[in-house]
């Protein structure tokens, strides 16, 4: 049997109160494990990670005419995606958000050159371009390029979530966060670099395949103007990317991305579809009605101008629904010096003002019996009749320029399906087709059917329909983005394509009947409604079947 004897020295609770207090004070002065480790680290007694990456980052800041850039050794990249994971966790990204990705290039065997087949992994993030498309396209000035380091940073608090930078960047770098309503992107871990630490991807790569280097901007411009980058990547002259990819082995001719030839429907951007169709229709209706009034067509032209003004206001009202932060829509004009989206917002604002003023002349005669005499007198004095035609002309001119700005927004991206050869005819055609069809419908309903307007609308609508159908011939091309777009429209999105063609044909046939003076009000209206629905379907396909420019991706999973 063992007897336990209480020992005051071993048990503080058995000591005197003064001794207990002294013991507790002594314990409070002791360092925790974390504090002890931190002290050892600061004193240099523990190994630092710096010895593993100090040679992978610059020793100092770039000089004038230089900037930081990613430098990737393709021969060392194993495709392990440690860089992707480190970037994701260190930057606190959302589960489906990535700022760095790893793609795959496939080189086929060549009997003539003797090249062996290869599988080359390619790690990629923001290229911190010399002329970044995201910065040039942003309407809110939410991007800045550091004048010293050249790092392209996104200013989260300035962004209102229009997502245009995701289209303007040819490498799909900016990522939209649905929960935050903004776009975010790689910033080369600039805070870590400033503190002498390596970015997450550089530090995480087990093979040292990623490093941060300093490049001469003049050398980058020379190389990218010659198209020197990677196989199966967007034209480097678009934005002049600064990332350097190195390989001692080289890449055989014909090397292509593993996802080459694969396409899937893109986001259709429903609010943009509605905004573009309605605003373009508005410009067409106001223009057609104003020109008809100048030619002495009658009082029905006033109703057309009013309809065009109302449709334009509806189109502008739905535009903010596309934004992640619609309450900040007023910021859309900030980038007017470089962003076509800002210019579009300004021009449509000017058009809205002129169209309202033009419609006021048509509305005033109907309000004279409803308003007090002093009110009608004041309005009449502020709207002298001599200003009517000039205001209509200004509405027509500003509206046409605004539609051009809308087209330039998408032409600027460099995507093949959005080239000016297609975008300008599609956007301009929508204005002409719906403008003429709506005006012909208004005239017929008012009891003044216009065969000239009806036949003109019919011819333009038929021509636009045939032009859109000409895309389908590219389905037999050997390769190319137009081939993929045609395959999408005839494949996964065939129901939308069929709907567009049927509605367009129905609109043309209805206008044909109206032009033959058979129930012109009924068939002109039916033709307009069919064509309006057809234009919505066409614009849906415009967004959902475009093939975005991007870096090589991985093997498609479906």
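Cβ coordinates come from backbone N, Cα and C, glycine included.
TrEMBL labels come from automatic prediction, so no person has curated them.
As annotated in TrEMBL, transmembrane segment covers the listed stretch 345-364 rather than the other ranges in 245-264, 325-344, 345-364. Range annotated as transmembrane segment by TrEMBL, chosen from 393-412, 473-492, 533-552: 393-412. For the domain '4Fe-4S ferredoxin-type' (150-179), the model's average pLDDT works out to 96. Here the domain '4Fe-4S ferredoxin-type' (68-98) is broken down by DSSP into helix, strand and coil counts: 9 helix, 6 strand, 16 coil.
Two recorded stretches are said to be in contact when at least 3 C-beta pairs lie under 8 angstroms, sequence spacing 6 or more; the transmembrane segment (272-291) and the transmembrane segment (493-515) fall short of this definition. Sequence-distant neighbours of the transmembrane segment (393-412) (same chain, 6+ residues past either end, Cβ-Cβ under 8 Å): 133, 136-137, 164, 167-168, 276, 279-280, 282-283, 286-287, 290-291, 312, 340-341, 343-344, 347-348, 350-351, 354-355, 357-358, 418-420, 423-424, 427-428, 431.
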